[in-house]
Amino acid sequence: MRALRIAGMGLSGLLVNWGRTVLTMLGIVIGVAAVVLLASLGNGIQKSISGQINDLGPNLITVSPGTSGEQDGGDNGPFGAAAASTLTPEDTRLVEDLPGVAAASSNVSTVAPVGRESVSFSGVDPSYDEVRAVGLAAGRFVEGRGEVVLSQADARRLLDSGPDEAVGKTLPVGTPPEEAPERDPEQSREQDPAQGERLPERLPERLPERLPERLREQLPEGLREDAAPGQAQEPRQEPAPAKEPEPVKKYEVVGVAEASDVEFGPPLPESSYMATADALEVSGVETVGQIVVQAEDAGAVDRVVDGIGKELREAHDGAKDFSVITQRELLSTFTEITDQLKIFLAGIAGISLLVGGIGVMNIMLVSVAERTREIGVRKALGATNADVLFQFLLEAVLLSLIGGVIGVAAGIAGSAVLPEILTDLPPAVVTANEVALAFGVSALIGVVFGVLPAYRSARLQPVEALRRE
């Protein structure tokens, strides 16, 4: 009963100056709301990324150029270091023949000219559709050379056609000679003398005949009037030949890919597809940028990873110039990154909680100073130091807890509204852990920042307290 009476007195103390109490509480409300909101958004991002990675399938394995470290059984790691690719289509064939591999495909990124436009192509094998399950809006996937699958955006831009109308049309890849830019050598010499006659050849004709001898002697020997024609003259520089246009090759549009579907963020750039050999020919390289592998089942993933490491090291003369990434490692890496992001965001929000806690301590110190006579009267009537300390400490904790309740409600409301306003954000996920943490931090702030004012109030002597105005 005594504790309840003291608690009631503490609550009454907050209501006496309710305006000041609300303003003090505002710092706690903002801090708690920020923590809940940012934590819930972090949970939503983590859930969305995890879902998208899992949608690719737990059996997916990616071989990339570069190495992430020295590891037994292969240079497998979450991400390989940036390096020039040493992977070849022959490596893809070696991987495809390994036990436990359901399908494997090369992947070459290139940009090809189509008339005056440029198109981003992914050069892949026919088995790529088995590995990544490319969604098609119309037609079929690439089965050999001379065929392309366009994205819907490229089909509209290049052929002015929808998915069904684009299938069966011909796509000329390359720059027609009549559209290649040409340069007139005579025009180039007029615009830039350095590409035609050199300056030393032209200046003697323009020198005044009556140039003083002393000035004429200071000129370079090749510019003097008495110099032999062509003496000390720099060789003529011919204009650089224009770049030969790439030969035009016609490809049949056999399919149109579906638009990429992402749960949040800007849409991924849509890619068009052609055969690996065609992409290598267009790009003028002999190496592939990536090898994607589909294991037969989740239990075969580790065995396939070990086999890839062994087989490719032998093919590359023992060089560890590739990395093998599994979906499990990729998911683990992204989870670690998002966890660190959540901690960082919570730390930023915690700064406002710290400011709110300082506000609580400040207002409680002011309250102790204003209620000195009240403290003296209570002690004169028999209240102990512990009673006074408990009352003021309870006021600080109540102030923080009430602010925490309002802050949690505001944070939950914000996490529901913000993704609706900013459509690039994923749906927020509020968990009981964040709510419990918010209440716990609120109470802790009340205790930590309420101890000093409560301690000062408890140490006041009754006589001195009653003497003060």
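Yeah, the Cβs are placed from backbone N, Cα and C, and that goes for glycine too.
Summarising the annotation, TrEMBL assigns compositional bias 'Basic and acidic residues' to 180-192, 198-227, 235-247. Positions annotated as domain 'MacB-like periplasmic core' by TrEMBL: 21-174. Feature annotation from TrEMBL assigns domain 'ABC3 transporter permease C-terminal' to 348-462. What TrEMBL lists as region 'Disordered' is 159-247. The transmembrane segment annotation in TrEMBL covers 21-42, 343-368, 389-415, 435-455.
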Item to complete: Look over the recorded stretches 343-368, 389-415, 435-455 and say which has the most C-beta pairs under 8 A to the transmembrane segment (21-42).
Response: 389-415
Worksheet entry | Counts by DSSP class (helix H/G/I, strand E/B, coil) across the domain 'ABC3 transporter permease C-terminal' (348-462) | 97 helix, 0 strand, 18 coil
Worksheet item: So what's the mean pLDDT when you look at the domain 'MacB-like periplasmic core' (21-174)?
Response: 83
